[in-house]
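Copied over from TrEMBL:
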ACT_SITE  ASP219  active site, nucleophile
ACT_SITE  GLU244  active site, proton donor
DOMAIN    52-391  domain 'Glycosyl hydrolase family 13 catalytic'
DOMAIN    380-438  domain 'Alpha-amylase C-terminal beta-sheet'
Amino acid sequence: MGGFNSTVETMENVETMQATQTMQTMQTVQPKKEVSYETEPFTGNVIQNGREILLQAFNWESHKYDWWRNLENKVPDIAKSGFTSVWLPPPSHSIAPEGYLPQNLYSLNSAYGSEHQLKSLLQKLRSYKVRAMADIVINHRVGTHQGHGGMYNRFDGMPLPWDEHAVTSCSGGLGNRSTGDNFNGVPNIDHTQNHVRKDIIGWLTWLRKSIGFQDFRFDFAKGYAAKYVKEYVEESKPLFSIGEYWDSCSYSSGLDHNQDNHRQRIINWIDETGGLCAAFDFTTKGVLQEAIKGQLWRLRDSQGKPSGVMGWWPSRAVTFIENHDTGSTQRHWPFPSSHVIQGYAYILTHPGLPMVFYDHFYDCGQSMHDQIVKLMEIRKRSDIHSRSSIRILEAKSNLYAAIIGEKLCMKIGDGAWCPNGEEWKLATSGHGYAIWNK
């Protein structure tokens, strides 16, 4: 593990220099004109720049609320707040209204709204220079007709009319065994089949070039080998992509302090995509939501770095505190509700690529919305990016303090603390957090 960590550090040092050069170049040129879907730059530019602030723009209940129209009305505020990309729920026809049991991938009439409403939303996001991220659910697909073994493992009567050979043998098909974990109860797609991958690439390319999505989020990325994600990204060329590699943290009597094995598995997945994909930093979420309860020492690892993926490969770490699975009405792994703003004070000031959850931004009152916007403004003003340096100054039960990028200083917790030096000016503060900058 130590050897790989050293390799990551080397890669990050090179990328930091590249990112600095990129920003210097960007500051000397005029803003780019609108480009067509076919001629947009490939994914590397976004990762290299490292200045993303993402919004997950839905929760588990959103399908009930005329969602594409609701979001279209919020686009001006989303853009003004400073979000660069908006993760939308699965766009395709699905047996379940939430979108995660897809059937007809080419039908964009879903419980969230019609294809026309979706395209209207995408056009408005584009007009406000905010990228749209499609939720790509390609681990499994619900069949239309019974085939081998009496299972619904055929897809007759619609585009991509696969038969049982497109379904893994471990989920009722005649294909090969899965290259990842099985998603129980539905046919799992066999990504080893050349015709299946060709069809998936065609669909992803259609979403990019014809529909207007620019970014991808790969659902249940543990379900199939990362090398296939690499192929899909290389061929369909999203500007930015994220994988959901959700693995269990290490527990004994409680959450273990050392989560190196957990974050290593996420890093291995990223590495197997050729570094083309970022990944959700589930390690940071798991550590942070325990740390925030009076165990802030958890936020510094044995090497003095942040404890999550952010501490080892920050340019590929999408940090977040909640999503539609962990929170919302599912609450599989919820962040403590009384500490949400402290969670954002942490991820929005730190390296990595932070993501804000819709419920926190729009359903927790104006004060929460405005505090998050303020943190985003400070991040941009201080030019904090995915590879910014970090010095952790304090990490004990009731206090965590760090200097990021040598431009911003922050603390969370009830412990009294402020930075030394008159150059530090208080930028904002609230319940259990404070931020200073130069």
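The chain as shown is numbered from 1 upward.
Heads up, the Cβ atoms here are built off N, Cα and C, so glycines get one too.
When pLDDT is averaged over the domain 'Alpha-amylase C-terminal beta-sheet' (380-438), the result is 97. Residue counts for the domain 'Alpha-amylase C-terminal beta-sheet' (380-438) under DSSP (helix as H, G, I; strand as E, B; rest coil) come to 2 helix, 29 strand, 28 coil. Taking the Cα atom of each, ASP219 (active site, nucleophile) and GLU244 (active site, proton donor) are about 5 angstrom apart.
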